[in-house]
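Database features (TrEMBL):
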- 35-44: compositional bias 'Basic residues' (COMPBIAS)
- 55-468: domain 'Amino acid permease/ SLC12A' (DOMAIN)
- 14-44: region 'Disordered' (REGION)
- 50-73: transmembrane segment (TRANSMEM)
- 85-112: transmembrane segment (TRANSMEM)
- 133-160: transmembrane segment (TRANSMEM)
- 180-202: transmembrane segment (TRANSMEM)
- 209-230: transmembrane segment (TRANSMEM)
- 286-305: transmembrane segment (TRANSMEM)
- 326-349: transmembrane segment (TRANSMEM)
- 369-394: transmembrane segment (TRANSMEM)
- 415-432: transmembrane segment (TRANSMEM)
- 438-463: transmembrane segment (TRANSMEM)
Amino acid sequence: MTERTPLLHYRLSTSVNESEPRSPPLGQAVVQHHGSPRQKAGHQRQPKKLSVFIGVVIPTLLSMFSVVVFLRIGFMVGHSGLYQAIAMLLVAYFIICMTVLSVCAISTNGALDAGGAYYMISRALGPEFGGSIGLMFFLANVCGSALFVLGLVEAIVATFGVPEDGSAVTSVYQVLQSGYWWSLLYATGISLLCLLVCLVGAHIYAKATFLIFLVVMFVLGTIFISFFAVHPHTIVLPSSAAFNPSANGTGPGFPTTANFTGFKLDTLLGNLWANYTVDYTTGTTMTFATVFAVMFNGCTGIMAGSNMSGDLKNPSYAIPRGTITAVIFTFIIYNLLSVLVACSCDRVLLQRDYSFLRDINIWKPFVTIGVYSSTFSAAMSNLIGASRILYALARDDLFGKVLSPAKKTSHSGNPWASVLLSWFLVQLVLFSGKLNTIASIVTIFFLLVYAAVDLACLALEWASAPNFSWMLLW
């Protein structure tokens, strides 16, 4: 009987877990090894494990609160209306809740180690099934990290970059050069910074994400306060949105200004129903499917906590409670923001200025700081998640000697070789240059992973696997 035999849940108790000391054999004196210098040195090298809040709740929240919450809430409400926006959130969270419950059910039915969803499913249904999920999830995290890095570069260039079309500079802060190679250079610098943080270890990553979490929560607080504290005023639309002629160049332009009306019933009534129009950034007409695809990218961080399973104090306890807490919190925030936006911003503002939260904030740089912090944290989360999955794949020898270099770890247990290999692949994806180029690929990978996780949980339930029960979740 080997690890390759599926449905052997009892073998989870004997899986390799460096963080838990093994009891001595029967009849052997405990003092013989307890006081040995080797064991003392090994015990001192054991890193401090992460708690539920630090290791699961914060990474999951920051992975879900990316550019969507700051730059695409108005896009969603402006095109689909409040009714369809809430319907989209319900559908999206129904999908991820099914996956969260499946992850929770699997994670509470045995011992866990590094590797997240791959480790759980490979020990439940065999490495052949788990390996396919692990490979997809690894590629999804690699592309996701590159996606957030490119999103951060676009935000930085939009604020500090010189216009590519050669138009006049409108701000003294626009000093950075624009273009494909310049953007690639900025993206490389950001990915190197993510690499340095992840090479130090999961605990420096946890401390960094905790500081970013405080910043993002503060920025979200200022956004909610701004809806009540800022007086109604007129906002000048971006130049790219203010004029969008027809194909022959003779069509009329769009309005150059829009209104932040404050809380008004007329504004709410005007934003209840869908009004799909042309997206000023791409020039294509939006539909329910395209708006939902953009919005769903803000729901793909639900496994950020399970990726840290090897660094948690008690993964079986932390993953279910931390993930469910983060999902409920983000669902409430998304719905509250959608309602506040629909009640206080006219439709022209929502459709023609996706960064309007910055324009209505009590201090505009707050939202800019929030965008930078959330995207950088999401990039780090995906990079460290990809490295943990790659390390678990390498340790199980599923691909033979191809991944043998990824087994190397530091004295504290940080898989630095896997981090380097993951960063190298992220760097290759960065050559795509544009966020929209890889956004659909990331969505497809994550949807495939979610479907596979749900299928694995269904297979365990139908097979009546021993030691598997949904009741263990509670």
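Just so it is clear, glycine is given a Cβ too, placed from its N, Cα and C backbone atoms.
The average per-residue pLDDT of the prediction over the domain 'Amino acid permease/ SLC12A' (55-468) is 84, rounded to a whole number. Here the listed stretches are 133-160, 180-202, 369-394, 415-432, and the one with the most C-beta pairs under 8 angstroms to the transmembrane segment (438-463) is 133-160. Among 50-73, 369-394, 415-432, 50-73 has the largest number of CB pairs under 8 A with the transmembrane segment (286-305). Sequence-distant residue pairs (6 or more apart) of the transmembrane segment (180-202) and the transmembrane segment (326-349) include fewer than 3 whose Cβ atoms are under 8 Å, leaving the two stretches without contact. With pairs at least 6 apart in sequence, the transmembrane segment (415-432) and the transmembrane segment (85-112) have fewer than 3 Cβ pairs within the 8 Å limit; the two do not touch.
When Cβ-Cβ distances below 8 Å are used as the criterion, the transmembrane segment (50-73) is approached by residues 148, 151, 155, 202-203, 206, 209-210, 212-213, 216, 219-220, 294-295, 297-302, 304-308, 311-313, 317-319, 321-323, 325-327, 329-330, 333-334, 337-338, 341, 354-355, 357, 367, 370-371, 374-375, 377-378, 381-382 of the same chain, each at least six residues removed from its ends. Here the listed stretches are 326-349, 369-394, 415-432, and the one with the most C-beta pairs under 8 angstroms to the transmembrane segment (133-160) is 369-394. Packing against the transmembrane segment (415-432) from elsewhere in the chain are residues 114, 138, 141-143, 145-146, 149-150, 184, 187-188, 191, 194-195, 198-199, 383-384, 386-388, 390-391, 394, 405-409, 438: each is 6 or more residues past its ends and has a CB under 8 Å from a CB in it.
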